[in-house]
Amino acid sequence: MAKRLTWEQKHIVNHDTGHALVKAVPGSGKTTTLVKRVERLVKSGTDPRSILILMYNKSAQESFIGKLTMALQSNVIPEVRTFHSLALKIVCHAERLQVIKKKKLLTPDNFDYEKLVKAAYRNGFEHEGSYINSSEIEEFELFISRCKAAAVTSSDAATDPTFKAIKRELIRAYSYYCEQLEEKNLRTFDDCLIEAVSLLRHFPSLGNHFSHIIVDEYQDVNLIQHDMTRLLSKSDTSVMAVGDINQCIYEWRGARPDFIGGLFEKHFYNTRVFQLSCTFRFGHQLSLMANSVIRRNSTKLTRLCVSHHSAPKTEVRIYVDNCLSKALKDSQIENGTQAILSRTKASLAEAEVALRLCSLPYRYLNGSTSLQHRSEIGMLTVGILLSVYGDLQLLEKHPNKEALINGFLREMGFRWQKGQLKAARNGLAHNSDLYSVLGRVFDDGSSSQHHKELLEKLASICKTGGKEMLAFDVLMLLKKAGFMDGIGTEGVTRTGSNDRRRGMVRIEELLELSKIDSSTFLQLILYPEEASNDCEPFILSTLHGSKGLEWDNVVLVGLNDEEYPGGINDDGYSVTASKNSPIKDDNIEEERRLFYVGMTRAKQQLNLVVPHDDGLIRWLENCWDSTPKKSSIATRFVYETGYTACNVTSHVIYNSEEKNQKSELSKFHQWYLRDLQRLKV
Ligand SMILES: Nc1ncnc2c1ncn2[C@@H]1O[C@H](COP(=O)(O)OP(=O)(O)OP(=O)(O)O)[C@@H](O)[C@H]1O
């Protein structure tokens with residue numbers, strides 16, 4: 001059945017020519033509106049080939065093409081591309097015209113790309129042996145994209161003072177990566193973007209002439225993409241940028257709130273501003289809570305996110321005491337989609353253990369790191385194996401043997417000398433007696449006092465536990481023996497190191513709470529039970545990864561203030577950040593936007609799993625929605641939701657309660673009611 005467009009949607013569909021900026025709240029029917037707009041333009045005579053639509057990623061591009069083909073009922077549809085694919089088209093065209101050198105495109109799914117990244121990593125870190133932890137490669141790739149988004153060359157990286165805090169190994173790896181691309185005559189999509197912008201600047205005719213350009217998710221564009229949009233726009237081109245400043249969360253990839261929040265209007269003259277302020281995804285309580293959080297940012301909130309009458313009546317629950325298992329048990333929705341989202345990967349690892357404990361099915365959104373590949377889990381598993389059995393026989397033939405042992409060897413703080421790590425790995429391939437293997441490795445005359453002490457620690461832990469011990473107690477033994485002291489010190493980036501340290505804290509809390517014995521823990525990690533298939537698998541994702549997606553049931557975890565937003569700046573670019581420095585206002589604003597993105601993914605249910613915090617309980621009882629003055633245990637963002645007051649107001653709305661009750665509501669909630677009336681939704 002055709003949907004009746006809201007009047008805000010109709011205004012956008014009917015916009016004629018001239019630049020436009022559409023400010024759209026989450027789930028506000030952007031795609032529906034844009035498809036309708038293109039349909040109207042084509043039906044009123046615009047040549048579809050003169051319309052360009054730029055989507056943020058490939059899946060959005062494919063879904064948009066599908067919807068457009070259906071709407072236009074024609075094979076001639078406008079050009080729908082991602083920035084990358086458009087850049088590639090321009091670069092290929094320039095190659096054919098022999099304006100630039102021909103190079104081979106290296107895509108991320110190409111095996112040669114993986115080989116190149118690993119070779120560069122090995123080179124930078126002087127890494128020995130064939131095994132490299134996937135999360136280390138992920139961190140290196142992230143660093144590559146950060147550099148490329150800012151068009152940083154390898155020599156820039158080596159000399160730029162803002163890179164002072166970056167590990168030299170990482171910069172060496174990046175230089176090697178750039179050199180290899182050059183030497184082998186290769187380019188990646190990131191290189192294409194940089195080259196395409198430079199080509200358009202010097203040879204403007206390389207870009208087709210478009211009468212309309214529509215750019216979706218404009219809050220995610222970086223400077224290169226913003227420049228590309230400008231260079232593609234001719235004097236008679238109408239550019240429409242669509243996005244939400246409150247969902248700008250990719251600053252580490254070069255996106256900045258000011259592109260959508262000012263620069264677009266500055267660079268594209270006479271821009272008309274439109275709003276899509278009505279959400280079809282979630283109900284009033286969640287809308288009120290989301291507004292209540294995001295209004296703390298310095299970006300002035302001129303329009304609220306308001307729920308459409310057809311939106312689900314979303315239920316929001318808060319679980320105190322980090323009761324994830326309880327939240328998982330009572331929040332499942334039959335046949336509904338569900339997700340667990342977290343700021344850090346560390347809390348996702350904890351969620352994985354909790355899901356295994358409840359025998360619930362799950363998978364990662366992008367298939368990346370799973371429990372066995374996290375080095376602190378390897379450390380703990382090997383430590384428990386040693387304390388219970390004295391050796392690693394149980395790992396023989398296990399598919400994750402290498403990953404788990406690698407975690408241990410890496411986190412134990414051995415300070416390996418050349419050749420030793422490789423010798424240890426080779427030795428352990430055929431011998432499960434870790435103590436004797438390491439004894440032989442360090443018995444070459446060059447071993448230091450430090451190595452001897454570590455071996456003594458190992459000896460002290462071997463078979464001290466026993467099957468009947470609680471996993472938590474074994475962990476305490478390992479801690480006492482100094483096993484956990486080195487966690488994170490070998491990290492590729494500070495973000496990764498912090499994440500592993502947090503992972504350890506999270507697992508410690510979970511083991512203390514769940515009281516499982518060590519053999520159950522080993523079973524969970526090594527041979528988890530088949531999960532029940534009574535419900536849809538829980539999707540595990542970071543908040544960053546959840547952007548643009550939605551689920552019936554969303555569970556947010558890792559909501560303690562010291563982890564999220566955290567007291568320290570995790571960003572490896574920051575030179576001055578120290579453990580005690582307070583998080584900067586800009587960073588808090590970005591973290592707040594991330595929380596806003598996370599909470600607005602839910603359709604039917606939002607479950608917030610928070611640590612025990614008496615302050616929060618008081619806050620909830622008193623209907624307060626201000627930020628606590630002193631540092632809190634639960635993340636400050638949960639306080640900012642004004643949960644109880646929003647619950648009351650949404651009750652008033654759903655039950656069409658009396659006017660006098662409405663007048664008792666806060667000014668902010670009255671604003672919401674006025675918008676609801678104004679929008680007539
Ligand atoms: N006018 C309308 N009336 C009723 N439902 C609508 C209307 N417009 C859009 N929707 C519904 O709202 C939901 C979200 O729409 P759409 O996918 O177009 O949103 P979006 O803004 O692109 O989403 P996102 O925020 O994830 O980018 C869809 O289920 C769509 O059918």
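Just so you know, glycine gets a Cβ as well, placed from its N, Cα and C.
Note on PRO26 (ATP binding site): other Cβ atoms within 10 Å of its Cβ, all shown chains, come to 25. In the three-state DSSP reading, PRO26 (ATP binding site) counts as coil. The ATP binding site feature in TrEMBL is assigned to ALA24, VAL25, PRO26, GLY27, SER28, GLY29, LYS30, THR31.
Along the domain 'UvrD-like helicase ATP-binding' (3-283), the predicted structure has mean pLDDT 91. The domain 'UvrD-like helicase ATP-binding' annotation in TrEMBL covers 3-283.
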Any further residue of that chain within 8 Å (Cβ to the Cβ centroid of ALA24, VAL25, PRO26, GLY27, SER28, GLY29, LYS30, THR31) of the recorded ATP site: ASP244, LEU276, THR279, PHE280, ARG281
Chain-internal residues near ALA24 (ATP binding site), provided their CB is under 8 angstroms and they sit 6+ positions away: LYS30, VAL242, GLY243, ASP244, GLN275, LEU276
Which same-chain residues, if any, lie at least 6 apart from SER28 (ATP binding site) yet have Cβ under 8 Å of it: LEU276, SER277, CYS278, THR279, PHE280, CYS305
Number of Cβ atoms other than its own within 10 Å, given for GLY27 (ATP binding site): 22
Distance-selected binding-site residues near ligand 1 (C-beta under 6 Å), from VAL25, PRO26, GLY29, LYS30, THR31: PRO26, GLY29, LYS30, THR31
